[in-house]
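Over in TrEMBL, the protein carries these features:
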- A:399: active site, GMP-histidine intermediate (ACT_SITE)
- A:95, A:203: Mn(2+) 1 binding site (BINDING)
- A:202-206, A:324-325, A:373-376, A:380, A:399-402, A:475: GMP binding site (BINDING)
- A:234, A:324: Mn(2+) 2 binding site (BINDING)
- A:172-195: compositional bias 'Basic and acidic residues' (COMPBIAS)
- A:172-197: region 'Disordered' (REGION)
């Protein structure tokens with residue numbers, strides 16, 4: 001983008017002054033290089049979000065921001081219901097509560113490498129991945145509603161995991177005020193056989209090693225040491241969340257006019273928080289959050305089973321579970337006064353600083369773990385929320401690398417077999433049902449995640465704790 | 001002009017575009033373009049048919065509804081489609097899609113479509129008379 005469009009507030013903070021119908025400024029956190037490379041659409045979309053009723057402080061974009069649906073992916077915006085604030089299905093995204101979960105294994109690469117292939121094969125056998133894959137669980141109508149109300153807590157009650165897992169999940173594993181009655185029968189039908197499935201696209205399960213510790217004190221609090229092996233799972237609310245996103249986008253696009261909301265872009269479809277459509281979406285979206293939490297919990301159980309058969313007595317315990325497509329009610333200080341706001345994070349991770357009551361007690365002094373997904377061949381990162389982050393974008397940080405190249409271009413550039421062989425030569429085993437899927441997800445099609453993480457750290461959004469590198473990747 | 005489809009780039013996802021002599025043809029081709037995001041349409045044998053209905057207040061929302069109805073049928077019936085027929089009467093679309101059960105070995109599906117979006121959404125007649133129906137699909 002053209003740097004002259006911005007006022008540079010600090011080395012990593014770029015502001016767009018309100019103009020036209022903008023109610024507040026737009027702010028992008030990024031390095032100069034990331035801003036130069038960023039799509040012009042991020043500018044347009046961040047400015048469009050700034051026009052929505054009831055927006056508080058500013059419309060924000062994270063260092064990994066790219067062209068999204070109404071909101072930029074990497075967008076953060078908070079709304080006050082008492083000032084006509086809105087809720088937007090596009091501001092949450094189609095994959096409601098998509099997120100990342102990270103598990104300790106207590107193992108080192110020396111334990112894994114002799115059985116690397118057997119473990120990869122067994123994980124691939126156990127974890128349903130890819131287009132059209134189904135899970136072993138079939139939920140009745142009542143069980144579906146119980147799952148949508150109970151989230152990971154429901155999954156644990158069904159025998160998938162332990163109560164100790166729940167403390168390491170946002171919302172303690174269960175999003176409150178979910179309303180299964182606001183979820184359509186079509187959305188429920190789409191989810192019928194998709195519980196405990198990974199999905200496709202950029203979703204994955206990886207066995208990783210801690211390649212580098214950046215902050216020894218916080219890493220110790222998180223239980224991470226160099227050369228530890230961890231498992232990261234990236235997936236969301238599957239068909240149910242996608243269907244809810246689709247249905248409410250249409251509902252809100254049609255209803256917005258009736259609420260007197262002028263949409264700068266149809267995709268920004270939204271409704272006042274205090275309206276029938278707004279409340280209905282909140283109930284359904286919270287149910288979808290529970291679906292995602294239950295799904296990642298079941299996948300965790302399957303992962304434990306797969307490990308136990310290859311490396312007996314391994315104990316997989318949860319480091320943390322974050323969601324990066326949500327809208328949540330949170331208290332934030334605005335001009336020194338605490339206010340209850342509806343914070344949308346579309347491709348952005350919550351990053352509460354040390355001492356926040358919503359962080360599990362064992363981690364509270366260190367700050368909330370922020371889990372950043374990478375691509376198959378590069379790295380993932382663990383960061384921690386900072387006190388300073390509260391003064392920026394309502395305690396939010398980035399969520400991943402973001403694509404640098406379209407799927408079509410990636411498919412023309414690489415062959416799946418070639419990507420798998422190249423990564424195998426580097427000691428990374430890839431298992432996937434789709435050769436074309438692997439080509440489209442080639443590591444070279446993604447931006448440099450390290451540059452994104454470095455910018456988030458330098459901007460004060462979160463602090464870099466550890467760098468994780470893959471050993472095995474199960475790709476949907 | 002022969003009805004045809006193409007993809008157009010979106011940073012994270014894919015744009016689908018159908019082009020034809022009528023809006024119906026453009027809608028049919030857009031559906032074929034969406035299938036091609038998932039798998040090569042030539043590998044999908046049209047052995048069984050599914051009836052599709054969609055309704056929306058304007059042509060653009062109708063395109064998204066049509067594509068999303070197909071996404072729903074693919075997801076719940078575990079089918080892939082390679083042939084489409086569309087009739088539009090005012091706000092109502094009645095169509096049929098032919099395909100077969102998804103088979104990982106036969107179709108090598110790359111990615112599932114989560115939903116059709118309003119991004120780069122356009123249904124319009126070009127000055128040369130051909131109809132274009134397009135939007136970005138989230139994968």
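Using the three backbone atoms N, Cα and C, a Cβ is placed for every residue, glycine included.
On the structure: features taken from TrEMBL.
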residue : record                : Cβ contacts under 8 Å, 6 or more apart
A:95    : Mn(2+) 1 binding site : A:236, A:237, A:241, A:242, A:245, A:325
A:202   : GMP binding site      : A:234, A:373, A:400, A:441
A:203   : Mn(2+) 1 binding site : A:129, A:234, A:235, A:236, A:475, A:476
A:205   : GMP binding site      : A:123, A:127, A:129, A:198, A:231, A:232, A:233, A:234, A:299, A:303, A:473, A:474
A:324   : Mn(2+) 2 binding site : A:98, A:99, A:100, A:345, A:347, A:348, A:349, A:399, A:400
A:375   : GMP binding site      : A:401, A:441, A:442, A:443, A:445, A:446, A:449
A:402   : GMP binding site      : A:64, A:65, A:66, A:73, A:74, A:446, A:447, A:452
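Look at the region 'Disordered' (A:172-197): DSSP puts its residues at 12 helix, 0 strand, 14 coil.
By neighbour count, meaning other C-beta atoms within 10 Å, the densest spot among the recorded positions A:234, A:399 is A:399.
Chain B comes close to A:95, A:402, taken from the recorded positions A:95, A:399, A:402 by a C-beta to C-beta distance under 8 angstroms. Counting every protein chain shown, the number of other Cβ atoms lying within 10 Å of the Cβ of residue A:325 (GMP binding site) is 28.
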